[in-house]
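**Q** This is the feature table in TrEMBL:
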type     : residues  : note
SIGNAL   : B:1-31    : signal peptide
DOMAIN   : B:37-154  : domain 'Alpha glucuronidase N-terminal'
DOMAIN   : B:158-477 : domain 'Glycosyl hydrolase family 67 catalytic'
ACT_SITE : B:Glu315  : active site, proton donor
ACT_SITE : B:Asp389  : active site, proton acceptor
ACT_SITE : B:Glu417  : active site, proton acceptor
DOMAIN   : B:478-703 : domain 'Glycosyl hydrolase family 67 C-terminal'
Protein chains: 2
Amino acid sequence: MCYVKTRRMFILCKRLFPALFLFLWFTVSHAQGGYELWLNYRKTENPETLEHYRTHLLSVVMDENSETVDAIREELSTGLGLMLDSTVSFISEIPEKNSLVIRKTENLPSGLRNTLKKDIATIENDGFLIRASGNTVIITARKDVGLLYGTFRLLHHLQQGLPLRNLRILDIPKTDIRVLNHWDNLDRTVERGYAGASIWKWHRLPGYIDPRYKDYARANASVGINGTVLTNVNASALVLTPAYIEKVAALAEVFRPYGIKVYLTARFSAPMEIGGLQTADPLDPGVRQWWRDKVDEIYKTIPDFGGFLVKANSEGQPGPQNYGRSHVDGANMMAEAMAPHGGIVMWRAFVYSEHDTTDRAKQAYNEFVPLDGKFMENVLVQVKNGAIDFQPREPFHPMFGAMPHTPLMMEFQMTQEYLGFSTHLVFLPKLYEEVLQSDTYRHGKGSLVARVVDGTLDNKKISGMAGVANIGSDINWTGHPFAQANWYGFGRLAWDPYLSASQIADEWLRLTFTNDNNFIKPVKNIMLESHETVVDYMTPLGLHHIMDTGHHYGPGPWVGNLSRPEWNPVYYHKADTAGIGFDRTPSGSNATAQYAGEVAATFNNVKTCPEKFLLWFHHLPWDYKLQSGNTLWDGLGIRYQEGVNRVREAQKTWAVMEPYVNKQQFEEVRMLLGIQHEEAQWWRDACMLYFQTFSKQPFPEEMETPLHSLEYYRSLKFPYAPGISPQWH
Amino acid sequence: MCYVKTRRMFILCKRLFPALFLFLWFTVSHAQGGYELWLNYRKTENPETLEHYRTHLLSVVMDENSETVDAIREELSTGLGLMLDSTVSFISEIPEKNSLVIRKTENLPSGLRNTLKKDIATIENDGFLIRASGNTVIITARKDVGLLYGTFRLLHHLQQGLPLRNLRILDIPKTDIRVLNHWDNLDRTVERGYAGASIWKWHRLPGYIDPRYKDYARANASVGINGTVLTNVNASALVLTPAYIEKVAALAEVFRPYGIKVYLTARFSAPMEIGGLQTADPLDPGVRQWWRDKVDEIYKTIPDFGGFLVKANSEGQPGPQNYGRSHVDGANMMAEAMAPHGGIVMWRAFVYSEHDTTDRAKQAYNEFVPLDGKFMENVLVQVKNGAIDFQPREPFHPMFGAMPHTPLMMEFQMTQEYLGFSTHLVFLPKLYEEVLQSDTYRHGKGSLVARVVDGTLDNKKISGMAGVANIGSDINWTGHPFAQANWYGFGRLAWDPYLSASQIADEWLRLTFTNDNNFIKPVKNIMLESHETVVDYMTPLGLHHIMDTGHHYGPGPWVGNLSRPEWNPVYYHKADTAGIGFDRTPSGSNATAQYAGEVAATFNNVKTCPEKFLLWFHHLPWDYKLQSGNTLWDGLGIRYQEGVNRVREAQKTWAVMEPYVNKQQFEEVRMLLGIQHEEAQWWRDACMLYFQTFSKQPFPEEMETPLHSLEYYRSLKFPYAPGISPQWH
């Protein structure tokens with residue numbers, strides 16, 4: 001209660017004495033640092049709404065007992081307490097007066113159960129129902145964790161100042177496995193991590209439980225994430241040794257009340273590295289026994305362990321092919337060990353080989369599609385959103401829809417490996433939405449990728465979505481204050497792949513900052529444009545993989561000397577005096593043949609191929625006419641310039657947002673937009689100067705003169721750019 | 001003002017509704033995380049004291065203008081504002097009524113200047129005077145930074161609830177250079193860092209200024225630290241390239257108002273690595289010119305740059321000896337480049353060679369003492385406190401007092417490389433005090449190491465103290481909440497090497513937590529005993545360097561197979577069936593001959609040698625009789641056990657301290673003491689089991705039975721223990 005008052009006064013005083021706060025802000029910089037994420041409960045501003053909420057919600061009927069129910073009680077005490085500026089009473093009998101009732105369906109009084117009969121009948125799995133009925137607001141679910149999800153949803157509803165009258169939210173998660181993938185190494189470096197060290201303080205576990213672990217669980221549960229893979233897909237076998245299993249168990253204990261299971265990455269060669277075996281051949285009985293024993297050992301310590309995520313025979317990682325076996329042999333060996341415990345295996349389809357000279361974009365499909373139907377039931381094949389590697393923009397991966405008998409998990413990347421690290425503002429749900437809304441046409445029109453992911457397209461028994469986390473030890477978790485929105489948005493889309501990016505941006509802004517529309521409208525606009533902006537200043541018109549090598553920081557379209565051809569940018573843009581782009585039509589690599597006929601036809605025809613994918617699928621002459629009437633060369637320059645221009649517009653918009661956010665976050669975003677602007681210009685200048693060596697044409701007049709020479713840009717080196725794991729050194 | 005109110009109410013409510021706070025604490029975990037360090041200004045608790053302060057201090061006369069004066073104003077607004085729960089008025093005329101006057105001596109009104117004449121005459125350099133006189137409290141100094149130091153001291157005085165009446169604090173720093181040494185790499189790993197990633201976000205500089213940088217400067221200035229070496233002594237030359245100099249300049253700009261200069265580590269081979277030269281020979285004219293140009297370039301960007309810290313010809317680092325030149329040649333080359341700009345060179349004396357078969361403890365002295373008097377005036381030789389390497393306990397380094405013509409800087413280590421990382425509670429000012437109070441006898445009795453460090457023993461023109469920082473990106477900066485006290489204490493002792501550890505502990509506890517003596521007394525006791533405790537459970541009776549290899553985590557007395565003999569623990573303890581210890585008397589390595597005669601005589605005689613250094617200087621039989629009457633073997637076991645016992649006592653004491661600290665810090669310290677207890681037992685058991693293989697005797701009855709076998713302890717491996725830089729992989 002008092003904490004609530006302090007918050008209210010703080011906000012009030014900030015308005016009354018802005019000058020004073022100029023002096024004070026620095027001492028509260030820590031509190032302003034964004035640690036609270038979207039759970040930064042603020043007092044309800046509108047007095048009528050506040051009264052309305054108080055009347056209905058301050059008596060909470062909760063009489064069940066479990067760790068999860070305790071977590072609900074705690075969250076309500078804090079969340080309702082702060083938002084309603086009052087103390088919450090917990091009671092065990094439903095009173096005459098208004099109350100908030102939180103009970104599992106089976107424990108609702110028969111009257112209520114009868115009233116809600118129809119809705120209750122449709123609640124499944126982890127779903128929940130929130131209903132205002134008579135003088136009660138009810139949250140009900142089949143399971144405790146459903147009650148938790150419902151509670152967070154109600155708190156989010158209130159933080160947005162929305163009415164309780166006629167409230168009815170019936171929401172059931174559309175996927176089963178909603179997991180973060182942490183590419184965190186045991187030495188606390190994070191591969192492709194741009195928000196500081198790993199939050200897992202392995203050295204201090206299990207004796208020391210960092211307070212962050214619980215706040216991490218709260219944040220995840222609040223958006224419906226129900227699992228976390230703690231370790232890098234480029235895995236260390238050591239995490240499977242007893243000392244580490246004990247550490248993992250300590251984390252699992254913190255996460256359990258929040259419905260979050262832990263998973264680990266399993267290094268395929270672990271039986272040799274930590275088991276002392278001579279082989280890791282998946283058909284070797286000793287190896288199979290080793291994995292069974294290891295999995296039994298894990299479940300003995302962590303009874304609700306989730307399972308394994310495996311990167312095998314990919315970028316140097318060991319796998320079944322080292323022994324002449326297939327992905328099916330490898331995955332099923334582990335799945336067999338998992339099956340008695342209800343565990344799963346997530347087997348990554350991110351494979352391409354230096355011995356395969358076909359278009360890299362085709363290789364995963366070629367390798368996996370023939371295996372359809374051969375995996376055990378508890379195996380999911382985890383597929384990146386596109387066929388290359390988390391580029392700023394890619395067409396949807398052709399595997400989606402092409403394996404009707406195998407559950408395919410979507411793998412999105414939240415960490416901005418190719419999207420400006422944590423210094424660029426990019427709202428990724430726009431990218432996710434574009435992919436999920438893509439139509440595979442595998443069962444005719446409407447066969448959306450979202451329907452592959454949620455399993456409805458081919459009636460999959462299990463479904464899931466994975467997101468490569470952008471979380472680190474930075475006080476604000478994600479480096480860029482706006483990168484929190486990508487974590488939030490991933491969770492929301494994993495729960496419901498049909499949500500719109502616009503709705504997610506709106507929710508996140510309201511939860512994180514304010515409901516003031518003078519802020520929401522322009523800043524939401526920045527967010528919704530931000531992905532297109534980055535694509536324009538990095539890789540417009542279907543360009544891809546033209547970043548610098550290793551760290552992937554900044555432009556490197558000129559790189560062509562790497563040992564594996566498909567690691568070189570020149571492999572992807574194929575610029576020459578004749579033109580630019582990768583011909584993936586039947587006249588080229590014919591990668592389009594991996595899509596359904598309708599899709600392939602659209603992509604193959606340069607007139608129907610969306611311009612955003614133009615150079616992904618076609619090699620075109622520099623004077624090719626774009627829909628705008630511009631030549632390809634001019635159009636390219638104009639796109640690069642437009643990307644830069646939109647960053648400038650975002651800077652201008654942000655400059656007047658100071659009244660709506662705290663001083664620290666205002667400054668942080670201001671400085672970061674400054675860096676983004678510089679780097680947008682860098683991309684434009686470096687790429688256009690380089691491509692000009694082929695086009696031999698002047699820059700379009702819309703484009704600003706480059707700030708430096710091509711030699712200058714080529715000379716830049718960044719040996720300490722963040723996010724490179726020791727194994728890449 | 002309102003922020004003040006919120007803090008007051010928060011504390012008040014916490015007392016009134018502890019149960020409620022059980023529910024609320026987790027949401028404020030971030031605010032409770034210790035980020036504010038000892039600048040966590042709390043409202044004055046005693047009402048009379050509060051009124052007394054308010055009467056005297058709420059009108060502040062400040063009419064000078066500079067960045068530093070602005071910083072003072074800001075700190076007073078916050079600090080006085082919070083502690084006095086009121087708004088501070090800044091005025092430019094001295095009023096009739098009570099006021100706080102902050103002016104340089106030259107700007108004091110003549111009346112006041114006359115009254116304070118005597119005190120004013122003695123203020124030198126960065127010193128300050130705080131005087132209560134009539135109806136004013138005056139802070140005066142020769143320089144702005146002196147006013148800043150005085151301001152922080154007054155704020156600390158008030159936070160301890162001390163009276164203003166007859167207040168007179170005249171304090172002048174006793175050393176010139178008071179610097180942190182960050183062993184931070186450009187990839188944000190920290191060598192021997194146990195508090196997360198480096199706080200320097202190099203990748204984001206100069207465009208993004210982390211709010212931490214300013215808070216770092218405030219914390220340092222508050223204890224008188226006036227410089228920071230940003231980079232690891234195992235240096236990368238890249239920090240001397242233009243792109244990084246620009247980043248360093250951005251940090252220097254944040255630190256400048258707080259009187260903090262930036263320094264860099266200079267890699268000796270930089271002229272070759274980034275300068276394209278064929279040699280780094282310090283007598284080569286091209287090399288000398290390169291350094292002059294490089295230093296000019298730095299000063300052009302950072303006019304108040306501090307200078308270089310150099311680790312040369314040590315542990316594989318390049319240096320002048322690579323070219324057959326001496327440390328003098330190397331240091332003077334850089335000093336010559338620095339001289340026109342007023343910069344200095346700190347040249348480390350931490351050298352030992354794999355080609356030198358003499359006792360490692362003797363090598364630095366042998367190499368450096370003959371060079372006395374040959375260094376340029378702006379060179380300081382930086383000497384670790386002991387002759388080996390920051391062991392839990394070492395006798396003072398024999399170089400102290402042995403180079404009358406060369407300024408010797410003290411190098412202490414705050415980061416707990418050999419003292420339990422950031423999981424063990426160790427109050428290091430006890431160690432520092434023991435060293436500083438050691439008597440070198442170089443000019444007879446009273447020739448304290450402190451007098452070498454402050455330069456008074458041989459009238460040095462320049463003096464300084466360096467502390468290897470324990471700071472990282474952890475929310476609480478130092479990993480262990482109590483490790484903040486080591487940062488605080490280092491700063492206080494750098495300013496005044498004669499301060500007592502007890503006073504420092506008292507100050508820090510009051511500033512950080514509370515003035516309640518029910519807390520101060522027992523917890524100060526834990527702190528003051530903690531160093532002896534760690535020595536007892538790790539390296540009692542003069543044992544040293546018996547930790548495990550590489551990461552230095554945990555015991556490894558059995559290690560004897562490393563390529564360089566002096567890297568092996570067996571080299572240091574020399575345990576055999578006859579006994580244990582390193583004979584450094586004339587019958588052994590004769591390292592004692594490097595001390596003054598009186599000191600050598602004391603150490604040489606096994607009866608006068610302090611038992612805390614017994615095995616440092618003597619190899620003694622297992623049945624040697626200690627002063628207690630116990631045999632050496634039994635006494636060793638009893639010491640190990642006593643170390644464990646005192647951790648248990650600390651646990652018991654801490655268990656009842658919950659009312660005095662916030663929930664999160666209480667829990668953190670509780671968990672960390674649990675880890676410390678386990679590791680204390682581990683040290684005891686591993687070392688005693690190993691030494692038993694030589695002594696062939698049963699453990700003394702005071703000692704608990706080991707928990708595991710020697711084989712078990714020898715089998716433990718910690719490949720991901722923190723703090724190992726890439727160059728050690």
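Even glycines carry a Cβ here, placed using N, Cα and C.
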**Q** What number of additional C-beta atoms lies within 10 angstroms of the C-beta atom of B:Asp389 (active site, proton acceptor)?
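**A** For B:Asp389 (active site, proton acceptor), the 10 Å Cβ neighbour count is 17.
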**Q** As a test of reading the model: what is the averaged pLDDT for the domain 'Alpha glucuronidase N-terminal' (B:37-154)?
**A** 95
**Q** What is the one among the active-site residues B:Glu315, B:Glu417 whose Cβ has the most other Cβ atoms less than or equal to 10 Å away?
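**A** Sorting the candidates by Cβ neighbours within 10 Å, the top entry is B:Glu417.
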**Q** Looking only at the domain 'Alpha glucuronidase N-terminal' (B:37-154), how are its residues distributed among DSSP helix, strand and coil?
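**A** Result for the domain 'Alpha glucuronidase N-terminal' (B:37-154), in helix, strand, coil order: 58 helix, 24 strand, 36 coil.
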**Q** Taking just the CA atoms, what is the gap between B:Glu315 (active site, proton donor) and B:Glu417 (active site, proton acceptor) in Å?
**A** 17
**Q** Quick check for the class: what is the C-alpha distance, in angstrom and rounded, between B:Asp389 (active site, proton acceptor) and B:Glu417 (active site, proton acceptor)?
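**A** With distance taken Cα to Cα, B:Glu417 (active site, proton acceptor) is 10 Å from B:Asp389 (active site, proton acceptor).
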